[in-house]
C-alpha cells in the first residue's frame, strides 16, 4: 500500500506539474481512426498493424513426410562437420524506422515506453544484450535541430503517400539520443545509427558526432547509406550511379569524420538491398580492403517477398496473401532468401568482419495481411534466423515500422486508444526469444542445419554445440493437422553408432515448445506455456508459469524420443546446464507512475523520494498520451534525467517486486 504521505506528495506533484496533452498531427504511421460520435463507443482500429485477418493453413503436402525418424549426433563438436562460426543469443535484434521512434521506444529522454523496456529486457536476459538499429529510409533525409515546437523530439513532414520514391525531411533533436542512452542504462541495448547520404555535397554528421558523445560504447555502428543500389531507381542519384560511385561516397564520409576528429572504426556498409547490384559487384571495387580499418561489419538488407502492389501503383497486380502463405511454411523460404549471400559470408570471414542482415522481415512494403501477423510467420522467422546463423551471418535485425505495417514484432496502440488499450505483440517476437534461447548467451555456440527426415522441407532441424559440446536440438514442424497424425517424433541418439564417439545419450532431456492451434493463429501462442496475450493486451511481460517438459530417454538403446506437434517448434535441452544457460533466473520489468493513469502505480521508498531531484520539475512539462510511458535511470555520458514525481519509473526485479524511484540528475 502506498503511504498516505506519499499519496499527498504525488497529488501535490500532479497539481504543480499540471495535466498536459499534446496532439501530434501527421505523425508517420498514425492516421485519424474515424469521426467523433456522441455514443462514446470504443473506436475500432483499422490500420495494418491491428488487422484481424486470419488465413487458412495450406493443405498438407503430398507426399507427406515421415512422422517418425532418427538423427544421430556426436556429443562433441569435433565430430560434426560444417558447424557455423561462433554465434550469440543476440543474433536477432531490431531495426526501428527512425520516423517511428516516438511510437515504439519513447517520446524523449524523459519518457521511455515501459513495454519497450520490458521486451528488450526479455531478450537481454536470454542473450546477454540486444542490438537495435534506429534508421531506415527516413534516416537519409534526417536533419538534427536543437529543438522543435511543443518539445517534440522528432517531426516528419507530409508526403505524397502514393509515391514510394519521395522520402520527406525528418527533423529530430538530441533528445532522441538521450532516449537511447537512458535505455542502455536500464537494459543492455546496443545501438546502430545511420549517417544521411542523400546530399554528399553537405554531409550531415551530427548523428555521428552527438551519437558518439552521448551513447559512448553503446553505439556499435554507423551505417553509411541505406540501400544505395536503389538510389538510381528511386531517382535519388543519376541513372549512371553505380558501385564505384558508392565506393567514393563512402570515402567522402570517412574523410569528413576524420576532419571532425570523430571515431572512424564504426562504419557499416554497403547495406545493399540486392536490387540493382549484387554484393559481388561492390566487393569487386576493392571496397573491403580500401576501408577495412573503418568497417566494423559488412551489411545487407533483404526481404523474401514484397507487398508493394497493394500500396503503390506501378507494381502490377496485388498479391493474394492466402496464395502466398504456403511459401512461408517450408524450409526453402529461408534457404533461398539467403542463397545470394553465401559467397559474401565467406568473403566476410576471410576479411575478419561480421556479416549482418541489417534489415529484414516477412515482406517489404509492410508485409502481408494474415501472413505477417500469424503463427506461421513465427515459424518462418525462427527457421530463417537459425538458417542465417548456420550460414555464418552474425546478426539479423527485424524491421519495426509504424502502425500502417503488418509485420511489426511489437506495436503500441493508436494514440487515441491508450486510455483503454495496451500493446500488441506480433508472433515474430516469440521467434526472437526462441532463437535467443536456442543459441544461448555464451557467445560460443555453433549451429548446423541437419537436413533431417530425408531433407523434408516441412520438418527442418538444427544441432547446436556450445563450448564444444552438444547443447540443444531445434526442431520445426510447419504443417497444421489438429488430428495429431502429422505430429512427428524424432529419435535423437548422441554418440554411438557410426559417430566415432562413445554412446552419450542422457537419461532425460527438457523440451520447451512454441505452440499454436494453427499456422494462421495470431494470439493464442505460447512459448513454454507463457504468452503475451491478445491484441491490445500486452505490457511487454510474459504471462503464465514457465513449463518445460521432462522427457525420459532410453539409455539402453541410446535414444531420446521427442514429439513435435503440427504446427510447432521444440527446443530440446540436452543437459540441465544447457537449459539453465538459456533460461533467465529473473527478468527486470518496468512499470509506470505517470499520474494521468490509475493502474500499475508503483510504491516509492520515502528516503529515495526525499533525496530525488524533484526541485527541477518536469523540465519542459511534457506529458505523455501513452499508457506505460515513464522514465528510468541513466547517467551515461551526457544523458540526464529530469525530476518530477509525475514521471517516475518503477523497476521491478524478479518476484521480489523491488522498485526504484529513478530521477534525472540535472
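Using N, Cα and C of the backbone, Cβ positions are placed for all residues, glycine too.
Residue ranges 619-640, 641-662 are listed, and TrEMBL annotates 641-662 among them as transmembrane segment. Summarised as a single figure, the pLDDT of the domain 'Beta-glucuronidase C-terminal' (461-571) averages 97.
Per DSSP, the secondary structure of the domain 'Beta-glucuronidase C-terminal' (461-571) breaks down as 0 helix, 51 strand, 60 coil.
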